[in-house]
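S.K.: Sharing a structure here in structure tokens format.
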Amino acid sequence: MAQWNQLQQLDTRYLEQLHQLYSDSFPMELRQFLAPWIESQDWAYAASKESHATLVFHNLLGEIDQQYSRFLQESNVLYQHNLRRIKQFLQSRYLEKPMEIARIVARCLWEESRLLQTAATAAQQGGQANHPTAAVVTEKQQMLEQHLQDVRKRVQDLEQKMKVVENLQDDFDFNYKTLKSQGDMQDLNGNNQSVTRQKMQQLEQMLTALDQMRRSIVSELAGLLSAMEYVQKTLTDEELADWKRRQQIACIGGPPNICLDRLENWITSLAESQLQTRQQIKKLEELQQKVSYKGDPIVQHRPMLEERIVDLFRNLMKSAFVVERQPCMPMHPDRPLVIKTGVQFTTKVRLLVKFPELNYQLKIKVCIDKDSGDVAALRGSRKFNILGTNTKVMNMEESNNGSLSAEFKHLTLREQRCGNGGRANCDASLIVTEELHLITFETEVYHQGLKIDLETHSLPVVVISNICQMPNAWASILWYNMLTNNPKNVNFFTKPPIGTWDQVAEVLSWQFSSTTKRGLSIEQLTTLAEKLLGPGVNYSGCQITWAKFCKENMAGKGFSFWVWLDNIIDLVKKYILALWNEGYIMGFISKERERAILSTKPPGTFLLRFSESSKEGGVTFTWVEKDISGKTQIQSVEPYTKQQLNNMSFAEIIMGYKIMDATNILVSPLVYLYPDIPKEEAFGKYCRPESQEHPEADPGSAAPYLKTKFICVTPTTCSNTIDLPMSPRTLDSLMQFGNNGEGAEPSAGGQFESLTFDMDLTSECATSPM
């Protein structure tokens with residue numbers, strides 16, 4: 001079954017997560033219209049190779065045209081309009097950068113796959129997530145639902161008792177007024193009053209019973225409000241707080257957060273019970289106005305009960321107003337909470353009290369740094385204005401599940417310029433990527449005679465003015481959400497807390513697993529720990545400061561740990577994603593470990609790792625060979641950077657890599673990917689067939705051009721090569737190489753520079769693939 005069809009069959013909570021994957025950058029309508037074709041394309045490869053991305057993008061436009069023709073035949077005007085609008089948008093945004101749309105689609109398909117896996121795992125385990133505390137959480141939720149059922153039952157029981165009290169009071173009131181009128185007549189007639197005294201005793205008994213019933217109801221109401229307080233505290237201080245913490249974790253690459261539907265059902269149920277209870281308390285006031293007496297419990301306790309239920313409902317409504325989707329720029333979906341001035345960002349708020357009567361009644365207003373103006377001025381922080389559509393009415397139509405929400409899709413920030421054209425205080429202690437700002441959402445609720453001011457805010461955001469600030473800004477978001485669940489601490493970086501390696505390691509692994517199919521292994525994390533903390537045996541519990549993580553240069557390097565790692569993450573996502581997902585890239589490995597595992601392998605065995613010295617991110621391969629004396633040698637080629645990988649895929653570099661000896665014979669030193677995977681098996685599928693690169697020439701045309709093929713070649717030194725039986729198939733013939741073919745000394749660490757050659761084929765080969 002197609003992936004899109006499988007997704008349509010998921011539960012509502014998963015469908016809501018699916019809805020959050022899509023935005024204007026890649027509309028869900030397009031995913032729906034072209035589902036089979038979209039799933040048949042290799043978007044990951046397109047995301048790493050511009051020529052293929054261009055081809056796929058133009059094919060996408062062609063598929064849109066075909067689908068438009070179908071809608072035209074069906075006279076489906078609405079779909080025609082939507083599809084035309086989508087095509088115009090895609091052309092305007094991605095025509096010059098097709099790799100961008102390829103990356104977006106590849107990520108969406110990957111997230112869809114993860115969603116299906118999560119749902120399948122939950123189904124196999126009876127609905128429990130694959131987490132050690134899943135059973136405990138489920139038990140807590142079951143207890144919470146039982147408490148909610150108990151509250152609802154007690155409310156209904158009170159409803160019945162209120163009717164009994166009302167009937168009893170009506171009887172008392174009728175008898176009292178009847179007796180009073182009869183008593184007046186008897187006084188006029190001078191009749192015997194013995195009957196009157198007997199009826200008075202009956203009225204006193206009725207009043208006693210009425211008083212007992214009233215006291216019972218008042219007592220039960222007090223107990224019910226206490227039960228509501230307990231349930232509400234569990235909902236807001238535990239369940240909702242847990243959801244908000246999981247949202248923080250999801251924002252920095254952790255496991256996807258569960259949707260809010262179940263929590264919304266619980267909160268709505270409690271709110272309905274509270275409103276019904278408030279009506280019951282109002283009913284007590286009506287009963288009191290009809291019949292009251294000395295020591296009346298309603299007179300004594302009703303005002304307090306009214307105050308308690310109103311406070312409960314107000315607080316519940318305020319807690320139920322949440323930011324469902326944190327601010328995020330659509331072009332950077334994997335890095336929320338970082339906003340660039342002048343660039344649109346989106347966000348979504350939701351009220352977890354699903355009352356139909358509130359549909360289209362709540363107008364949301366957005367502002368930034370509402371309560372921190374004085375603090376911002378004191379710290380010298382920048383100030384911003386929110387532009388775009390900064391007000392919106394909440395409704396139930398925009399969400400798939402009918403939740404009461406408002407999604408802001410067209411917001412931008414503009415900095416308020418000071419008189420000196422810069423920051424308010426040039427002596428500010430924080431750099432701009434450490435400034436934290438809050439986006440606030442406000443509205444007013446008028447419901448059943450109550451006016452409630454609602455306010456919620458985003459997690460702290462970092463505002464940048466240049467995309468080159470993104471790495472440090474994202475580091476700030478990681479550090480903040482890793483170490484605190486305080487949602488409003490905008491002064492966090494005036495004295496940033498210290499993290500432990502265990503915390504940092506988990507977050508670093510998330511940076512890979514959230515955007516690829518593979519996180520970091522223990523061995524890879526250990527290598528990173530060495531980079532941060534130096535050699536050690538056990539890094540668990542070791543402390544890492546904010547400065548060491550992001551601001552201080554690594555030992556012997558001119559850049560920080562985070563700048564180096566972030567560029568590697570970018571390299572993986574844009575250029576070697578497919579190879580990383582396959583597990584072919586060992587990536588982070590110390591040179592000592594590299595030598596240890598390769599030295600026992602046969603010549604031609606190689607591994608792929610990231611450069612430790614390239615600030616911009618580089619990837620290289622290291623192989624084992626034997627020199628003329630039979631001694632094992634470990635060699636590394638000079639790392640390939642993004643600029644080089646933009647011209648040729650890493651898989652094609654590996655498949656075509658050669659060394660050139662002094663006699664100009666080309667030999668491939670790469671045979672087996674560690675531990676023993678044949679090179680062709682691992683990388684062949686990621687290289688485009690040469691028949692596609694060079695379409696056959698027209699037999700009737702003029703003499704065909706010679707085909708060419710780009711390969712990377714490392715020249716070797718010429719010393720001692722005469723004694724070698726130079727054969728491309730004999731790896732034992734490989735010798736110690738240098739940086740050039742003029743007898744230069746080998747480079748330090750055995751690194752080779754590679755040259756890219758454009759090899760002309762003979763005319764005999766011109767019409768046949770190599």
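These residue numbers are counts, starting from 1, taken along the chain as shown.
Cβ coordinates are placed from backbone N, Cα and C, and glycine is handled just like the others.
Not measured: the values here are computed from a predicted model.
The annotation domain 'SH2' is assigned in Swiss-Prot to 580-670. Per Swiss-Prot, the feature N-acetylalanine maps to Ala2. The annotation N6-acetyllysine is assigned in Swiss-Prot to Lys601, Lys631, Lys685, Lys707 (among others). Summarising the annotation, Swiss-Prot assigns allysine to Lys601, Lys615, Lys631 (among others). Residues or ranges marked as phosphotyrosine in Swiss-Prot: Tyr640, Tyr705. Annotation comment: Swiss-Prot describes Thr714 as phosphothreonine, evidence class similarity to another entry. The phosphoserine annotation in Swiss-Prot covers Ser727. Feature annotation from Swiss-Prot assigns motif 'Essential for nuclear import' to 150-162; the stated evidence is similarity to another entry.
Please situate the listed features within the shown structure.
M.R.: Per-residue pLDDT, averaged over the domain 'SH2' (580-670), rounds to 87.
Around the Cβ of Ala2 (N-acetylalanine), the number of neighbouring Cβ atoms within 10 Å comes to 12.
Around Lys601 (N6-acetyllysine), the same-chain residues six or more apart in sequence whose CB sits under 8 Å from its CB are Val624, Tyr672, Tyr674, Pro675, Asp676, listed in sequence order.
Lys615 (allysine): 14 other CB atoms within 10 A of its CB, across all protein chains.
DSSP assigns Lys631 (N6-acetyllysine) to coil in the three-state reduction, placing it in neither a helix nor a strand. Its own atom aside, the Cβ of Lys631 (N6-acetyllysine) has 9 Cβ atoms within 10 angstroms in the protein chains shown.
For Tyr640 (phosphotyrosine), the number of other Cβ atoms no farther than 10 Å from its own Cβ, over all displayed protein chains, is 24.
The Cβ of Lys685 (N6-acetyllysine) lies under 8 Å from no Cβ of any same-chain residue at least six residues away in sequence.
Cβ-based neighbour count (10 Å, all protein chains) for Thr714 (phosphothreonine) stands at 23.
Summarised by DSSP class, the composition of the motif 'Essential for nuclear import' (150-162) is 13 helix, 0 strand, 0 coil.
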S.K.: Please tell me which one of the modified residues listed here (Ala2, Lys631, Tyr640, Thr714) sits closest to Lys615 (allysine), measuring Cα to Cα?
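M.R.: Nearest in space to Lys615 (allysine), counting only the modified residues, is Tyr640.
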S.K.: So how many of the residues in the domain 'SH2' (580-670) end up helix, strand or coil by DSSP?
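M.R.: Helix, strand, coil within the domain 'SH2' (580-670): 22 helix, 29 strand, 40 coil.
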S.K.: Just to verify a number: CA distance, Thr714 (phosphothreonine) to Tyr640 (phosphotyrosine), in angstrom, no decimals.
M.R.: 13
S.K.: Between the Cα atoms of Ala2 (N-acetylalanine) and Tyr640 (phosphotyrosine), find the distance and write it as a whole number of Å.
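M.R.: One finds 37 Å between the Cα atoms of these residues.
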S.K.: Can you check what DSSP calls Lys685 (N6-acetyllysine), collapsed to helix, strand or coil?
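M.R.: DSSP call for Lys685 (N6-acetyllysine): helix.
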